[in-house]
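Let me begin by presenting the structure, written as structure tokens, before commenting on it.
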Amino acid sequence: MVQSSVLGFPRIGVLRDLKKANEAYWGGKLSQADLLAEGKRLRLAHWKIQKDAGVDIIPSNDFAHYDHVLDHIQLFNAVPERYTSQKLDPIDEYFAMGRGHQKGGVDVPALEMVKWFDSNYHYVKPTLQDNQTFSLAKDPKPVREFLEAKEAGILTRPVLVGPVSFLALGKADRGSSVNPITLLDKLVPVYVELLKALKAAGAESVQIDEPVLVFDLAPEIKNAFRPAYEAIGALGSAAPEIVVATYFGDIVHNFDILPAFANVKGIHVDLVRNPEQLEAVIKQLGPTQVLSAGVVDGRNIWKNNFAKSIELLQTAIKTLGAERIIVATSSSLLHTPHTLASEKKLPAEVYEWFSFAVEKVKEVAILAKAVVDPESVKAELEANAATVKARSESARTNDPKVKERQASVTPEMHNRKSPFDARYSQQKTHLKLPLFPTTTIGSFPQTQQIRVQRNKFTKGEISAEEYDDFIKKEIDLAISIQDELDLDVYVHGEPERNDMVQYFGERLTGYVFTTHAWVQSYGSRCVRPPIIVGDISRPAPMTVKESKYAASVSKKPMKGMLTGPVTCLRWSFPRNDVHQSVQCQQLALALRDEVVDLEKNGIFVIQVDEPALREGLPLRKGSERDAYLQWAVDSFKLATAGVEDSTQIHSHFCYSEFQDFFHAIAALDADVLSIENSKSDAKLLKVFIDESYPRHIGPGVYDIHSPRVPAEAEFKQRIQEMLQFLRPDQLWINPDCGLKTRQWDEVKGALTHMVNAAKYFREQYKDKA
């Protein structure tokens, strides 16, 4: 018998129920008891969906109110002392680590949050001390949620982040120098204790995620697997059976680690991302070990091609036998929307091409039956084959004019007219900016009033003229506040924009859009990625009207705001029938037209955001990474190189750890880079000195993911740290990221302190300018 398995299910619910509950709790509108009850309701609903679909192995402990890695920080009592010393309730302590806490006399910032591998999900980074200890929390969450499912009549497989990955994905706290992996001997006994507790609760198997196995690993991390899993394996029948899960890449380069897993029941591999690893992995399995074959895509929304998946599965069955195969999702379905059934407005043709989490669960169950008894699912197989064929033949996917324009792209189109020094000389005269110029990253708070008016306009309850008038008033408000704050480069605040990718996708051909296909990005932040279904082009200007108006009523330079081609691609659900480089170049050509039109309409500072550039970086060094960086950089340059030297091109990145591909960052040739940096060590900026980076940089000086308002002294301290690594004439002062999710009182308070700090240093360095 072939079993079916899901590695994890989306947490947020059909209508972003978890987001709404969390935010109501944070706002004092929902009690803690009601918040926890809503979490339980969602877990039970998700387990029932999977059981009703016929899935054999259903996950538990995949649910988190904020982040699953943060769950483990609390589970192992690895909470930094600055939080434990506040004596907060456990759920408030948990949220304080995720988003900061500034009330009731408590003022603590959030822990660092970074991208989960190459996805758009963010996890909270374990932050460890030189004297770090670990112990198992009372009433451990994995045990509690396993028993919760068991009580409902559903036997689940608890999911844990593995000990090596937990440490390898962590970091030393500020003021500490510990290498996290050296803490393994202290952490593994806690896993042993937890596994015993799960066994005692009735768990038959446990999924231990070790996703770092897809990385090129340092020797000390490679060497950590053997002692960790020997200790776990030594439990024998005192622990549940273990399946070690990897995803987002292949593990062939780490085959020398696999003997460490000699005592585990099975290994899971991602056969969507790297199907070519299958036969090599099979050869590495022990004589009775099970292969969990990840053939249903946990990262994208396209309907599974059953014929291709069955071919892969039959290859495995031929060698291992059906009883040693588990049909599974490639990764957790966390990265996919909840259900396609909620979508009532998609074109009928493309609706049939998609599969969201609820539908993917069914695909897993169908495939498990198909490989042993195809007649039992004959109708489903035939329907799937018809859909796959129809998509491949659809006229919707191909635009000859787009392909013709791509064919006409020349190498010269990727380069600005002059080198940076010559450009900056013109920009300095044209823009008249002071030392330590201040700006924001683009968006201002999306208030309830803005959302209501946008919803009314979408429903046709107000006219386009009425909506335009409302947007102009919001732009006027944003500019008046920036006047009051005395920023140096303004933004229009983006009140007309729903999302930094969806907004552009709605104005481009080749996209379709959903109404309820939300995906968790971090905490309560959810995004609704558009879907690329065909060739992409720009029928008309997308942002010129609002930016032109904002410039006309502003006394300072106005910054036009665009989302870059790589980010538009990465934060959409991309096509899986055309290489991503082709889609990215199409986006670059569309944005090139927009950049040129902004300049023609009086916008001489233009920011083209690429927060997803690092996210798309292949996880391992080598030819695949080199090829990605080449087409990604070329796409950015193609989008931005059509302007005059006096126009200043900015770009923004949601990370500061780019030492290993700094050459690509430099190759973008942006005049100003802004980077998320407030929770990172300023020493990471040393790369700009080491590489003699000539252009300008704005490392974020405060964390916009938290409602906390830093004191002016904190801003001064951060700027002083940055000046150890950056020249005064090189440094811009700005927040980490856009301010869309914040409240106006938070924004005004933080930006007032930020501008005052910049003016302080401007005065200090005025004779050195």
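Don't overthink the numbers, they just go from 1 along the chain as shown.
For all residues, glycine too, the Cβ spot is worked out from N, Cα and C.
Where the annotation comes from TrEMBL, it is an automatic prediction and has not been curated.
On a predicted model such as this, the values are computed, not experimentally measured, just so you know.
TrEMBL annotations:
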ACT_SITE  His705  active site, proton donor
BINDING   Lys19, Asn120, Arg525, Cys526, Trp571  5-methyltetrahydropteroyltri-L-glutamate binding site
BINDING   Ile441, Gly442, Ser443, Glu494, Asp609  L-methionine binding site
BINDING   Ile441, Gly442, Ser443, Asp609  L-homocysteine binding site
BINDING   His652, Cys654, His663, Glu676, Cys737  Zn(2+) binding site
COMPBIAS  390-406  compositional bias 'Basic and acidic residues'
DOMAIN    4-318  domain 'Cobalamin-independent methionine synthase MetE N-terminal'
DOMAIN    436-759  domain 'Cobalamin-independent methionine synthase MetE C-terminal/archaeal'
REGION    390-417  region 'Disordered'
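Apart from the site residues Ile441, Gly442, Ser443, Glu494, Asp609, the chain places the Cβ of Thr440, Val491, Met500, Met561, Gln607, His652, Cys737, Gly738, Leu739, Lys740 no farther than 8 Å from the centroid of the site's Cβ atoms, the recorded L-methionine location.
Cα of Ile441 (L-methionine binding site) to Cα of His652 (Zn(2+) binding site): a span of 7 Å. Local packing around the Cβ, expressed as the count of other Cβ atoms within 10 angstroms, is greatest for His652 among the binding-site residues Lys19, Arg525, His652, His663. All protein chains included, Asp609 (L-methionine binding site) registers 25 other Cβ atoms within 10 Å of its own Cβ.
Each of the binding-site residues Ile441, Cys526, Cys737 was scored by the other Cβ atoms within 10 Å of its Cβ; the lowest score goes to Cys526. Summed and averaged per residue, pLDDT over the domain 'Cobalamin-independent methionine synthase MetE N-terminal' (4-318) gives 97. The 10 Å shell around the Cβ of Trp571 (5-methyltetrahydropteroyltri-L-glutamate binding site) contains 24 further Cβ atoms across the protein chains shown. Residue counts for the compositional bias 'Basic and acidic residues' (390-406) under DSSP (helix as H, G, I; strand as E, B; rest coil) come to 14 helix, 0 strand, 3 coil. Calculated from their C-alpha atoms, the gap between Gly442 (L-methionine binding site) and Lys19 (5-methyltetrahydropteroyltri-L-glutamate binding site) amounts to 24 Å. Of all residue pairs in Ile441, Gly442, Ser443, Glu494, Asp609, the annotated binders of L-methionine, the farthest apart have Cα atoms separated by 14 Å. Taking only the Cα positions, the spacing between Cys526 (5-methyltetrahydropteroyltri-L-glutamate binding site) and His652 (Zn(2+) binding site) is 20 angstrom.
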